[in-house]
Amino acid sequence: MAEIVLVTGGAKSGKSVFAENLCTKRNNNTGYIATSIPFDDDMKDKIEKHRKRRSDRWVTYECYRDIDINSISEDCETVMLDCVTLMVNNLMFDFCENPDELKGKELDEMENFITDQFTKLLADIEKTNLYFVFVTNETGMGVIPANRLSRIYSNISGKINQIIASKSDEVYLTISGIPVKIKGKGVAVYE
């Protein structure tokens, strides 16, 4: 039976380092699903820093849609996906060139397209024995974005984070490099 963990927090809050430590403690072959696209020098530098932190026991899979969990689970017992919000962004632009111009039914179709990718991914994970860690940005803790594209992105990311959290055995919020467990054994959750 799979064990799913979600690590969320703001930008540069220590999410990835904490998630990597969770995976490393398991001391087995670990898969790293990299969802980013190296579109500029800053992103290339960030990707390289992440690579240097990981040992040779990490197998990198560069993909953000139609992820083949069955194949990955043949090579790895532990998997980390970094990051959910980059995956959401990439899927938005896969759906159409200008997502901020979508309205009504088209906007719903894009949201459903993205939700379906994550729902399928979660269902596939649940059929394995993987220890699976999702890393995501908590996009809903700041001011409401000024432009429409950012609001659409924030809304969809928030919904996806909620879906993943509902399926997760543990959820951590990282703040200034400090992880705080907000769901799992030993945590009282009020409904």
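A Cβ is built for glycine as well, from the same backbone N, Cα and C atoms used for every other residue.
Under the heading active site, GMP-histidine intermediate, TrEMBL lists HIS50. Sequence annotations record features per position, and here TrEMBL assigns GTP binding site to 9-16, 34-36, 51-54, GLU62, ASP82.
When Cβ atoms from all protein chains are considered, those within 10 Å of GLU62 (GTP binding site) total 12, not counting its own.
Geometry remark: LYS15 (GTP binding site) versus HIS50 (active site, GMP-histidine intermediate), CA distance 12 Å. Ranking the binding-site residues LYS12, LYS15, LYS52 by how many other Cβ atoms lie within 10 angstroms of each Cβ puts LYS52 at the bottom. Taking the Cα atom of each, GLY9 (GTP binding site) and HIS50 (active site, GMP-histidine intermediate) are about 17 angstrom apart. In the three-state DSSP scheme, THR35 (GTP binding site) falls into the coil class.
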